[in-house]
Structures are given as C-alpha cells and as structure tokens.
Amino acid sequence: MRRPSPGESTPGGSPDASIWTVPGMPALAFLSFMGFSGYAALLPVAPLWAVHGGADSAGAGLVNFVLLATTVATQFLVPALVRRIGWGATLTLSLVLLGLPALLHVLSDGLGVVLLLSGVRGVGFGILTVAASAAAVLLVDPARRGAAVGAYSLALATPNVLLMPVGGWIAEAWAFWPVFVLSALPLVGLPASWALARHLPVRATHDSRHPEPDGAPAGLATYLVILPPSLVLMAITLAGGALITFAPQMVAVPWLSAAGLFAFGLVSTVVRWRVGGLADRWGSGRLAWPFVLLAVLGLLAVSRLVDQQVVADRLLAWLAACGLVGAAYGALQSLTMIRAFEAAGPRRVGAASAVWNAGFDTGTATGSVLVGALAVGWGFGAGMAITAGLVLLTLPLALPARR
C-alpha cells in the first residue's frame, strides 16, 4: 500500500495554515532539537575533556576536526542509506550514534578514546543533518518549502543558542558528567524517528509526486547546479566559524566574548527562522544578495574593532557587529538551502541536502584554520578583512538567476 505523499492533503498544505500543522513537522522539530542539543552541548567540551586527560592544544584541536571530517564523509552516503534501510531506521541510527557515545566519554579522557567517540558521533551527525533537512522539504508542497526550512532551522539552531555557550562553563565550574548527560539528549528523540517516517516516501529521498525525470542517481549535472548556493554557504559559514572560534581571543575580558556570541547566535536563529517564509513570497534569489552585502559590512566592522582587543567601552559596537554577521549567517543558511533544493529539483532532494550540509561543515572547519593562520602573521583584524573579501566574491552567485 502506498503511503500518502508528503504534503498531500495536509492541514499545513494551505499557505495560510501554520507550518507546524503539517503532519510530521512537530516530530521533525522535536527530533532535530534533541539531536542538535547533543551536538551543541558537547562541541566545546569534548576538546576540554581531552585536555583534562593530558592532550596538548594540537590534540584538542583534532577532536572537533575528526567530528567534522567524519560528518562530511558520511553525508554523501545518506541518500543511499535511506533507500536501503528506510527513513525510520536511518533516523534512529543517527540519533543512537550521536547520543550513545556522548555517555561513553565518562569511561576515559584519553585522547585516543575521545577521538574515536568523536568519529562515531560525526557519523551520526552526518546522517542526521542530511536526513532531517531533506525530510523538512519532503513534508510540504514546493510553495511552502521556505517555511518548512525556516521551521526546521529554528529547531536545530535553538540548542546552539541555549547550550553551546554554557557547556564549557558547566564543565569547568562544576563537572564534565552533566554535559555528557545533556549530550545524550538525541536518545530522547528516538520515538520521533518513526513518527516522522510515517509521513515520508518509502525508502526514497525524492518527492514521489514528481515522477517525470528518470530515476538515475544524481550525477555531475546535479552537483553543478547546486554548486553556486553551496559556495555562498561555504563563504558565510567560513566567516561564522572564524568568529565563533576566535571571539574569545578577540576581546579583552571573557564576558565580552560570551555577549558577542550570544548576540550572534540569537540574531542568527531568529533571522534563519523568519527568512524562510519571506522566501516563499518573494523568492530566495531576491533576498540572498543583500545578506551577502550585510555579511561584508558586519565582517569589516568586526575587523576594525579587533585590530586591538575589544574592551568594555566598545560593547555596543561589538554587539552590533556580531549581530550583523549573525543576521547574514542565519539568513544565508536558509536561503542557500532553499536555492539548492530549487536547483536540484524534486527528484534530487537527497543529493541537494548532502551537498548543502557538506558545504556547511566544510566552510565551518575551514574558517577556523584559515583565519587562525592569517592571524598568526597579520592579526585578527586582517584575517576578518580577508574573510569579508572572500564573502564578497560570492555576490554574483547570490544574484537572482536570469530568466
């Protein structure tokens, strides 16, 4: 028996209905919130745990590198995994691999063990990111794609605002084990895996309502049309990754870093959520390029501020600069995701999700390495100015496609 097509005759199918009434959307939001909570809580703490066990700074740096490397390596395999074992099993596997190793950190703080657990968690995170973003699009009609991406983005970004800033503080001021427990929250989301799977195509990552193209796997042509939004995404996540990584070194007192990153995260989350619905009405192409320019403006402001360490009397300027970068960071994540799905078409949802997520993680990882290397020779001001230039180079790719 055929399952109902995603988005077919659903209460959320009407443009006037809340996106949260779409069958499967609450389950997706719950699953995503729990999954990304596990990721966000442990991201700044796993390297600290390795240092606690005697690792040097290079060893600590390897922890999240391994996490992101295995994430990217896994992401391109997810469409095939869904076709082989189905949505419920795929989502369940992602949450187990992300949540269970978090608890196992209590067994050892040795670098080898931490790297092994990070690698396993990276596989789970890679599966989750691709599967969940593809599911968001498959639950709705194309006319509501932006709203679905916005709702999904809200669910995954909220843990970054709530948990990422406090994980390190809990570990250093209290103990590591509460963070490990928080990082096991993906296991709480397991029932939602099967609730969501009931509303998705059987063992497919494409919209079964669009059978007109052939069923051949995604090829070079598919990846080429997804490339422009992916490059825009890589540039803005490179910038965001650099700011997140080096904000503590850009300021004179620790609370300025926390305040700036909170402004960055909060603005990013709200804008990433709200811009999806605007894209449904106005088009993602018309909205993307202004946010590229906003990113450049914000990064140049950060560059000017951090020529010397930011001090307390420059708090408002620091918050404003971080907020500008955060707005562009959030908006361009949603808009490039929407454009990637539009470019790939309804039969290539899985491929578009894999490429987009790989671009996100590659940009984030590259940002910390590139700006760190530039800062050694020229300082953070020059590093962020060069980053602004790299973002500006993607402006032509963010312009609306000519008809």
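Cβ coordinates are placed from backbone N, Cα and C, and glycine is handled just like the others.
Automatic, uncurated: that is what TrEMBL annotation is.
Annotation source TrEMBL lists domain 'Major facilitator superfamily (MFS) profile' at 24-403.
Look at TrEMBL and you will find 28-51 (among others) tagged as transmembrane segment. Using a Cβ-Cβ cut-off under 8 Å and counting only residues 6 or more beyond its ends in the same chain, the transmembrane segment (28-51) has close neighbours at 20, 57, 59-61, 63-64, 67, 91, 94-95, 98-99, 102, 105, 109, 111, 114-115, 117-118, 121, 125, 128, 132, 135-136, 139, 151-152, 154-160, 162-164, 167-168, 170-172, 176, 179-180, 182-189, 192-193, 196.
Within the chain, the transmembrane segment (57-78) has long-range Cβ neighbours (under 8 A, six or more residues past its boundaries) at 43, 46-48, 50-51, 90, 111, 114-115, 118-123, 125-127, 129-131, 134, 205, 350, 353-354, 357-358, 361-362, 364-365. Here TrEMBL flags 57-78 (among others) as transmembrane segment.
Summarising the annotation, TrEMBL assigns transmembrane segment to 85-107 (among others).
Residues annotated as transmembrane segment in TrEMBL: 113-140 (among others). With a cut-off of 8 Å between Cβ atoms, the residues of this chain six or more beyond the transmembrane segment (113-140) that come close are 6-7, 12-13, 19, 22-25, 28, 31-32, 35-36, 39, 42, 46, 49-50, 53, 55, 62-64, 66-75, 78-79, 81-82, 87, 90-91, 93-99, 101-102, 104-105, 107, 147-149, 151-152, 156, 186, 196, 199-201, 205, 207, 337, 341, 349-350, 352-354, 356-357, 360-361.
Here TrEMBL flags 147-170 (among others) as transmembrane segment. Long-range contacts of the transmembrane segment (147-170) within the same chain: residues 19-20, 22, 25, 28-30, 32-33, 35-37, 39-45, 48, 132-133, 136-137, 139-140, 178-179, 182, 258, 261-262, 265-266, 268-269, 272-277, 279-280, 330, 333-334, 337-338, 341, each at least 6 residues beyond the stretch ends and with a Cβ under 8 Å from a Cβ of the stretch.
Feature annotation from TrEMBL assigns transmembrane segment to 176-197 (among others).
Feature annotation from TrEMBL assigns transmembrane segment to 218-246 (among others).
The transmembrane segment annotation in TrEMBL covers 252-275 (among others). Nonlocal intrachain contacts for the transmembrane segment (252-275), taken as residues 6+ away from its ends with a CB within less than 8 angstroms of a stretch CB, comprise 146, 150-151, 153-154, 157-158, 160-161, 164-165, 240, 243-244, 287, 309-312, 315, 318-319, 321-323, 325-327, 329-331, 333-335.
Marked as transmembrane segment by TrEMBL: 287-303 (among others).
Residues or ranges marked as transmembrane segment in TrEMBL: 315-332 (among others). Same-chain neighbours of the transmembrane segment (315-332): 153, 157, 232-233, 236-237, 239-240, 243, 247, 251, 256, 259-261, 263-273, 275, 287-288, 291-292, 294-295, 297-299, 301-302, 305, 398, counting only residues six or more beyond its ends whose CB sits under 8 Å from a CB of the stretch.
TrEMBL lists 353-374 (among others) with the feature transmembrane segment. Counting residues 6+ beyond its ends, the transmembrane segment (353-374) has Cβ neighbours under 8 Å at 65, 68-69, 71-72, 75-76, 78-79, 126, 129-131, 133-134, 137, 205, 223, 226-227, 229-231, 233-242, 245-246, 333, 336-337, 340-341, 380, 382-384, 386-387 in the same chain.
The list of residues near the transmembrane segment (380-399) in space but at least 6 beyond its ends in sequence, with Cβ under 8 angstroms from a Cβ of it, reads 228-229, 231-232, 235-236, 238-239, 242-243, 246, 249-250, 285, 288-289, 291-293, 295-296, 299-300, 302-304, 306-307, 332, 367, 370-372, 374. The transmembrane segment annotation in TrEMBL covers 380-399 (among others).
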With a cut-off of 8 Å between Cβ atoms, can you find at least three pairs linking the transmembrane segment (176-197) to the transmembrane segment (218-246)? Only pairs 6 or more residues apart in sequence count. no
